[in-house]
Amino acid sequence: MLSVVVLISGSGSNLRALLEATENPLFGAKIVAVGSDNAADGLAHAEQFGVPTFVVSPGSFDTRENWANVLLANINHFKPDLVVLAGFMRILPGNFVSALSPNLINTHPSLLPAFPGAHAVRDALAAGAQVSGVTIHVVDEGVDTGPHIAQASVPVLADDSEYDLHERIKVVERELLIATVKDIANKKIHLPSLAK
Ligand code: GAR
């Protein structure tokens, strides 16, 4: 059974989808803890499923590296095989990434390499993109630059607001994230060979 820690910053709809999918013992993965950089609303999903949570806020630390070391210690306490960033909105420093690589993946709401960063949906609309989507990738030390694992496209509609488009992307994103974690658990995806 693949043990997974999920990190979130917000509402946690991707987390919830993973919690529901992994309830089935045949799925092959189990969420052992959920962490956040703030008292995120999405932590309530973990509590409903009886999954332990932790919050490590960067505001209490002098440097990003010190914050990330404490975040990492909280994660390592659960000895996960995989860490999933599901709407985790902080950039992680190199010491954190290299400690977990390649077993650290992120889901991002655009077709990378287009529109990296914290405002991918807004940026896609501002650029007049006709298609956007979701990318799941291995995390490296850049911002949304790591090797791609899976992508799915979502059309941009004429009257889309940022909210509308993001919600439609999230419908596809949740399915792609579930399928990706399942494929990692069942060894159909081998992260070390992707990360080379
Ligand atoms: C997701 O769409 C995720 O891709 C995005 O935040 C959303 C979280 O939604 N992440 C990023 O933009 C990272 N750059 P959720 O809290 O409902 O799962």
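Every residue, even glycine, has its Cβ placed from backbone N, Cα and C.
Nobody curates TrEMBL annotations by hand; they come from automatic prediction.
HIS108 (active site, proton donor) has a Cβ environment of 24 other Cβ atoms inside 10 Å. According to TrEMBL, the feature active site, proton donor maps to HIS108.
If you look up TrEMBL, you'll see GLY12, SER13, ASN14 marked as N(1)-(5-phospho-beta-D-ribosyl)glycinamide binding site. Classification of GLY12 (N(1)-(5-phospho-beta-D-ribosyl)glycinamide binding site) by DSSP places it in coil, neither helical nor stranded.
Look at TrEMBL and you will find ARG64, MET89, ARG90, ILE91, LEU92, ASN106 tagged as (6R)-10-formyltetrahydrofolate binding site. Within its own chain, MET89 ((6R)-10-formyltetrahydrofolate binding site) has SER9, GLY10, ASP37, ALA118 as residues 6 or more apart in sequence whose C-beta sits under 8 angstroms from its own.
Among the features that TrEMBL reports, domain 'Formyl transferase N-terminal' is placed at 4-180.
Residues near ASP144 (site 'Raises pKa of active site His') in space but far in sequence (CB under 8 A, at least 6 apart, same chain), listed by position: ASN106, HIS108, LEU112, PRO113, PRO116, GLY117, THR135, HIS137. Per TrEMBL, the feature site 'Raises pKa of active site His' maps to ASP144.
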Exercise for review: Find, among the binding-site residues listed as ILE91, LEU92, the one whose Cβ has the highest number of other Cβ atoms within 10 Å in the structure shown.
Suggested key: LEU92
Revision key, fill the gap. DSSP, reduced to three states, assigns HIS108 (active site, proton donor) to strand
Check your understanding: By a simple count of other Cβ atoms within 10 Å, which of SER13, ASN14, ASN106, the binding-site residues in the record, is least packed?
Key -> SER13
Review point. Nearest to GLY12 (N(1)-(5-phospho-beta-D-ribosyl)glycinamide binding site) by Cα, among ARG90, ILE91, LEU92 (binding-site residues)?
Key: ARG90
